[in-house]
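Undergrad: One structure, pasted below without further comment.
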Amino acid sequence: MEGFTIWLTGPSGAGKTTLAVKLAKKLREMGYKVEILDGDTIRKTLYPNLGFSKEAREMHNRIVIYMAKLLTRNGVIAIVSLISPYKRIREYARKEIGRFMEVYVYAPLEVRIKRDPKGLYAKAIRGEIRGLTGYDGVYEEPENPEVKVDSSRMTPDEEAELVIRKAKELGYLP
């Protein structure tokens, strides 16, 4: 089987990691080789002091793109869970990787604030951090993702099934 990349984009707390884990489980149960490339995990493991400037985010995204490209080229389904706030970098990922599907993981701001798994929204509301993507920082919503899921209205299972159906429609899965 040829590999491909499922690129999960969306603001913090939208449900990207939850969907990535659910998708990986379902795809592995179907017999596929799958790797999750989680933006937070990669950042903490490889370069914890990188920072969050636009340049640092772009460098981080380019590294993840390269990793996904290598996995895809070697017959693995790469599931990328990464905010990737800039349209231009997501377009670059699509061009570089080739076999690629963009999944916009959406949840309304009030839902993300309630979830707040990393405590980032609480810090932003208190004024302790600035530029939080999807709060007071830039997030350029995808215009034509292959799939859009609203994690406030769908279960992770429903989201994963929708993504798998689309991957089949695109010919990435039989």
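Each residue, glycine too, has its Cβ placed from N, Cα and C.
The structure displayed is predicted, hence computed values, not measured ones.
In case it's useful when we look at the structure, here is the feature table from Swiss-Prot:
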type: ACT_SITE; residues: S84; note: active site, phosphoserine intermediate
type: BINDING; residues: G10, P11, S12, G13, A14, G15, K16, T17; note: ATP binding site
Undergrad: Relative to the Cβ position of K16 (ATP binding site), how many further Cβ atoms are located within 10 Å?
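TA: Its Cβ has 29 other Cβ atoms within 10 Å.
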Undergrad: Using a 10 Å radius around each Cβ and counting other Cβ atoms from all shown chains, which of the binding-site residues G10, G13, G15 yields the largest count?
TA: G10
Undergrad: Which number gives the other C-beta atoms within 10 angstroms of the C-beta of T17 (ATP binding site), all protein chains shown included?
TA: 20
Undergrad: Out of S12, S84, which of these recorded positions shows the lowest number of other CB atoms within 10 Å of its CB?
TA: S12
Undergrad: Can you give me the residues near the recorded ATP site, meaning same chain, not G10, P11, S12, G13, A14, G15, K16, T17 themselves, Cβ no more than 8 Å from the center of the site's Cβ atoms?
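TA: My list of surrounding residues reads I83, V105, A107, R112, G134, S151.
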Undergrad: What is the number of other Cβ atoms found within 10 Å of the Cβ of P11 (ATP binding site)?
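TA: The Cβ of P11 (ATP binding site) has 22 Cβ neighbours within 10 Å.
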Undergrad: Tell me the coarse DSSP state (helix, strand, coil) of G10 (ATP binding site).
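TA: DSSP call for G10 (ATP binding site): coil, neither helix nor strand.
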Undergrad: Just counting, how many other CB atoms are there within 10 A of the CB of A14 (ATP binding site)?
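TA: By my count, 27.
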